[in-house]
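As given in TrEMBL:
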DOMAIN    18-111  domain 'Pyrroline-5-carboxylate reductase catalytic N-terminal'
BINDING   Asn69  NADPH binding site
BINDING   Ala82, Val83, Lys84, Pro85  NADP(+) binding site
DOMAIN    174-278  domain 'Pyrroline-5-carboxylate reductase dimerisation'
Amino acid sequence: MTPTTAPAEARTPGTAQKVAVLGAGKIGEALLSGMIRAGWAPADLLVTARRPERAAELHERHGVEAVSNAHAAKAADTLILAVKPQDMGALLDELAPHTAADRLVISAAAGIPTAFFEERLAEGTAVVRVMPNTPVLVDEGMSVISAGRHADESHLARTEAIFQPVGKTLRVPEKHQDAATALSGSGPAYFYYLVEAMTDAGILLGLPRAQAHDLIVQSAIGAAVMLRDSGEHPVRLREAVTSPAGTTINAIRELENHGVRAALIAALEAARDRSRELASGA
Ligand SMILES: NC(=O)C1=CN([C@@H]2O[C@H](COP(=O)(O)OP(=O)(O)OC[C@H]3O[C@@H](n4cnc5c(N)ncnc54)[C@H](O)[C@@H]3O)[C@@H](O)[C@H]2O)C=CC1
Ligand SMILES: O=C(O)[C@@H]1CCC=N1
């Protein structure tokens with residue numbers, strides 16, 4: 001399965017569909033801004049927020065009408081639910097009386113299975129589960145998509161029309177969503193953490209913080225582009241940096257001595273386990 005990027009013609013939303021983002025916090029607003037960059041008319045979008053000040057802020061920033069959850073459920077064909085997993089039950093209680101079965105419901109919440117929505121919404125409602133990540137803000141997101149019981153190809157295509165303009169998408173069976181959440185949903189945080197730690201190392205080695213930051217960030221960008229574009233395996237790319245009796249191998253030995261590889265495997269396993277726990281509202 002290779003992640004896909006939208007063909008040019010799919011990047012321009014061609015339908016008169018109305019899409020509502022319910023619970024526009026960090027990820028909801030990132031998606032909203034991405035849809036506008038991709039050419040969605042603000043008039044075809046709706047947004048909901050818990051606090052009136054937040055609703056006003058979203059309206060001011062994006063020119064999108066802020067409405068109640070009930071209004072969004074009635075007026076929009078596609079509802080993107082972007083509240084915290086722990087708030088999803090309450091949101092669905094609010095939406096259920098107003099949501100017709102022909103709505104497409106897209107959940108961006110970690111952990112919550114499509115069955116959770118199907119049980120609480122009108123019989124036959126199409127639900128798609130998506131795990132995006134924050135680089136949707138710069139159109140470099142990774143959004144992992146799974147169909148619920150009543151979601152067909154057209155629902156998946158409508159979902160991809162929303163998420164492909166802000167990055168890549170990948171369809172997976174829903175059983176892999178917790179793993180995807182651990183890898184790409186949370187993934188950006190691990191890279192930020194590494195940059196933070198490596199910048200500290202630069203300071204230890206005597207560089208000013210700003211310079212250390214720039215050296216590490218540009219190395220990260222260069223490495224990421226090579227990983228994406230060179231077609232080479234990461235091991236080959238690392239070997240090309242690692243000269244015999246050189247500097248890099250000394251660093252790699254320390255990473256191995258400190259169990260960094262095992263720590264990463266354990267960390268992602270812990271994230272996967274937490275995603276599973278969220279399914280029970282924990
Ligand atoms: N932050 C991230 O990198 C990612 C987050 N997610 C998922 O996206 C969801 C949101 O996460 P964040 O944006 O980080 O959280 P957040 O806390 O920034 O956003 C959630 C927003 O929902 C609002 N809200 C809660 N209940 C509401 C209701 N009944 N009606 C209207 N608005 C309501 C809150 O006031 C808040 O603004 C979570 O389910 C999370 O698992 C998924 C992928 C990545
Ligand atoms: O930390 C979280 O629970 C959310 C889901 C994936 C990224 N952020």
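From the backbone N, Cα and C atoms, a Cβ is placed for every residue, glycine too.
Just so it is clear, the model here is predicted, and its values are computed rather than measured.
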Inset, instruction - Could you tally the C-beta atoms, other than its own, that fall within 10 angstroms of the C-beta of Pro85 (NADP(+) binding site)? - result: 19
Inset, instruction - Take the Cβ of Lys84 (NADP(+) binding site) and count every other Cβ within 10 Å, whichever protein chain it belongs to. - result: 13
Inset, instruction - Take the Cβ of Asn69 (NADPH binding site) and count every other Cβ within 10 Å, whichever protein chain it belongs to. - result: 23
Inset, instruction - Using C-alpha atoms only, work out the spacing between Lys84 (NADP(+) binding site) and the residue listed as 'NADPH binding site' and round it to an integer in Å. - result: 15
Inset, instruction - Please give the average pLDDT for the domain 'Pyrroline-5-carboxylate reductase catalytic N-terminal' (18-111) in this predicted model. - result: 97
Inset, instruction - List the Cα distance (Å, whole number) between Val83 (NADP(+) binding site) and the residue listed as 'NADPH binding site'. - result: 12
Legend entry - Extra residues within 8 Å (Cβ to Cβ centroid of Ala82, Val83, Lys84, Pro85), NADP(+): Gly23, Gly25, Leu81, Gln86, Asp87, Met88, Leu91, Ala108, Ala109
Legend entry - Under 8 Å by Cβ from Ala82 (NADP(+) binding site), counting only residues of that chain that are 6 or more apart: Val21, Leu22, Gly23, Ala24, Gly25, Ile27, Gly28, Leu31, Ala108, Ala109
Legend entry - Cβ neighbour count within 10 Å of Val83 (NADP(+) binding site): 23
Inset, instruction - Give the distance between the Cα atoms of Pro85 (NADP(+) binding site) and Asn69 (NADPH binding site), rounded to the nearest whole Å. - result: 17
Inset, instruction - Using DSSP, tally how many residues of the domain 'Pyrroline-5-carboxylate reductase catalytic N-terminal' (18-111) sit in helix, strand and coil. - result: 47 helix, 18 strand, 29 coil
